[in-house]
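Comments concern the structure below.
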Amino acid sequence: MSETAKEKLAALMREHPKPTGIILGYGTAGFRSRSDILPWIMIRIGILAALRSKVKQACIGSMITASHNPEHDNGVKLIDPHGEMLDQSWEVFANNLSSLDDDVNKLWEYLEILMAQLNIQLHDNAMIAIAYDTRQSSPLLASIVQRAAEIFYANVMNFELLTTPQLHYAVRCYNDDGLYGHYTEAGYFTKLCTAFQNLIEMTPNIKPCETLAVDAANGIGAQKLTYVNQQLPGLLHLEIFNDGTRGRLNEKCGADYVKLYQKAPEGLPLTNYSKYCSIDGDADRLVYFFMDQNHQFRMLDGDRFSVLFVAFIAKKLQEAKLLDQVQIGVIQTAYANGSSTDYIINILKVPVACVPTGVKHLHHKALDYDIGIYFEANGHGTILFSDNVKNKIKAAAEDANRTAAERLAANQLRAFIDIINETVGDAIADLLAAEAILSVMNLSIEGWLNLYTDLPQRQLKVPVKDRTMIQTTDAERRCVAPVHLQDCIDELVSKYPSGRSFVRPSGTEDIVRVYAEAATQKEADQLADAVRKIVEDMTK
């Protein structure tokens with residue numbers, strides 16, 4: 001191996017040493033911590049990105065963000081060639097690199113062994129795409145990733161300020177030679193905005209989009225939504241608040257705040273608009289809300305998006321006479337409200353699959369369907385369309401033997417597909433999709449909410465000595481350990497109309513999460529508290 005590369009790595013490590021006693025693990029969110037202790041891990045992630053690119057012989061993304069976390073935090077995660085999350089098997093390599101101390105000889109020795117194991121060479125080609133959010137710490141951290149990757153002979157494209165979903169999109173487009181779209185930011189906006197415009201303009205007697213007030217979490221999404229506004233004059237009108245000019249990132253605003261506290265964010269007027277939405281700091285989560293006639297706060301979360309999107313898609317497939325040829329599925333976790341599941345299965349007649357918590361499980365299961373729709377309750381989600389269904393819809397749209405109504409429905413679906421960012425949950429794409437559906441279906445936000453009524457629910461956290469004492473099965477809906485815990489939960493649930501409850505261990509801390517729902521809020525609270533007491537008794 002080149003001694004020069006090793007010397008460059010040693011110099012970079014001296015410049016950004018690893019703090020004593022720091023342990024960071026790579027999880028669903030990548031590496032995430034306070035920004036001032038992250039520079040050293042950026043060296044490791046730059047190396048890992050270069051190695052991953054050499055193995056896959058494709059562009060790998062590196063996104064610098066801490067999403068909905070406070071401004072003083074930051075993080076980094078890698079994006080695989082199709083715009084998906086880093087393959088889980090590589091999290092082991094990330095954690096191995098993280099655990100090694102600042103001894104360049106030991107690190108280099110590990111890298112030589114790893115490259116031999118992966119059958120790659122130092123000088124093999126590599127391509128990395130980097131982007132970051134609006135945090136002050138992001139440019140420095142991005143530059144360290146870039147310098148580390150370049151030591152390992154990677155070419156680097158630095159997109160600078162992007163939303164997380166935009167980088168996922170760019171990586172996919174770059175690697176499939178433009179089949180999915182052009183990999184630039186302009187290409188992203190052109191595809192989504194053109195599709196939105198086409199869908200609106202092809203629909204006869206369409207209801208104009210009402211003004212939407214957007215809480216942009218004082219993050220990157222504010223800049224990008226301003227561009228969307230400019231691209232769609234007369235078709236979409238967004239009033240953007242919490243745009244970063246005054247408030248702090250994610251502080252008392254953003255989708256996570258609204259969902260967690262079940263109340264409107266600070267920084268926007270609650271009397272001037274008929275509907276509102278909040279995105280999070282890196283624009284991959286979206287929730288809607290409004291104030292009803294009694295001035296009560298009403299929220300539409302991820303479950304509501306699943307219902308709205310599947311209702312539209314199923315209706316248009318039926319109008320195009322394609323419904324019986326397409327397998328649609330909605331993927332949920334145990335946290336989905338029981339009423340949403342019931343509505344999708346019994347009213348919309350679409351099957352629902354339940355998977356363990358975590359976007360990687362939802363995304364993977366969605367691939368099993370021609371059209372797989374998934375949303376987490378926090379507002380993160382998307383739709384996956386198979387090549388098979390895209391071809392069927394295209395053929396129907398172009399079939400001169402079909403009626404005008406059938407061809408219109410197929411063309412509406414084609415435009416809708418191009419609004420969606422299939423790589424990952426995308427607040428901007430999902431906002432455009434929701435606004436288009438509300439217009440095309442002539443549906444108000446109240447009408448959307450009234451499609452079904454949520455069952456009241458309560459979530460609690462129970463501190464325990466050892467979270468591994470709790471073990472689950474059936475997509476985390478049933479407990480297998482401790483013995484008899486599930487029997488006790490079942491007995492409690494049987495006492496409450498529409499009752500449902502489950503417990504699951506946290507993935508990161510020694511707490512057990514309790515979820516309960518029932519016909520009334522009082523009963524949901526009582527059920528959650530009763531389950532909490534059982535968990536405490538059985539984990540002493």
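Every residue gets a Cβ built from N, Cα and C, even glycine.
Here TrEMBL flags S67 as active site, phosphoserine intermediate. Among the features that TrEMBL reports, Mg(2+) binding site is placed at S67, D280, D282, D284. Annotation comment: TrEMBL describes E376, A377, N378, R504, P505, S506, G507, T508, R513 as substrate binding site. Per TrEMBL, domain 'Alpha-D-phosphohexomutase alpha/beta/alpha' is recorded for 57-88, 121-175. Summarising the annotation, TrEMBL assigns domain 'Phosphoacetylglucosamine mutase AMG1' to 184-287, 301-442. Among the features that TrEMBL reports, domain 'Alpha-D-phosphohexomutase C-terminal' is placed at 487-533.
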Under 8 Å by Cβ from D282 (Mg(2+) binding site), same chain, sequence gap 6 or more: M63, T65, S67, H68, D133, T163, T164, G219, I220, G221
Greatest C-beta neighbour count within 10 angstroms, which of the binding-site residues P505, G507: P505
Neighbours of S67, D280, D282, D284 excl. site residues, C-beta within 8 Å of centre, Mg(2+): T65, H68, D133, T163, T164, G219, A255, I279, G281, A283, R285, H380, A427
Residue distribution over DSSP helix, strand and coil in the domain 'Alpha-D-phosphohexomutase alpha/beta/alpha' (57-88): 1 helix, 14 strand, 17 coil
Feature contact check the domain 'Alpha-D-phosphohexomutase C-terminal' (487-533) with the domain 'Phosphoacetylglucosamine mutase AMG1' (184-287), CB under 8 Å, 3 or more pairs: no
Cβ-Cβ neighbours of E376 (substrate binding site) (radius 10 Å): 23
The domain 'Phosphoacetylglucosamine mutase AMG1' (301-442), counted residue by residue under DSSP: helix, strand, coil: 80 helix, 18 strand, 44 coil
Candidate with the highest Cβ count within 10 Å, taken from the recorded positions S67, N378: S67
Rounded inter-Cα distance in Å - G507 (substrate binding site), D280 (Mg(2+) binding site): 22
The domain 'Phosphoacetylglucosamine mutase AMG1' (184-287), counted residue by residue under DSSP: helix, strand, coil: 37 helix, 14 strand, 53 coil
Rounded distance in angstrom between the Cα atoms of D284 (Mg(2+) binding site) and N378 (substrate binding site): 10
Neighbourhood of D280 (Mg(2+) binding site) by C-beta distance under 8 A, where only residues 6 or more apart in the same chain count: S67, H68, A217, G219, G221, N250, G254, A255, D256, G379, A427
Nonlocal neighbours by CB distance (under 8 Å) for R513 (substrate binding site), same chain, sequence gap 6 or more: Q459, L460, K461, V462, V503, R504, P505, S506
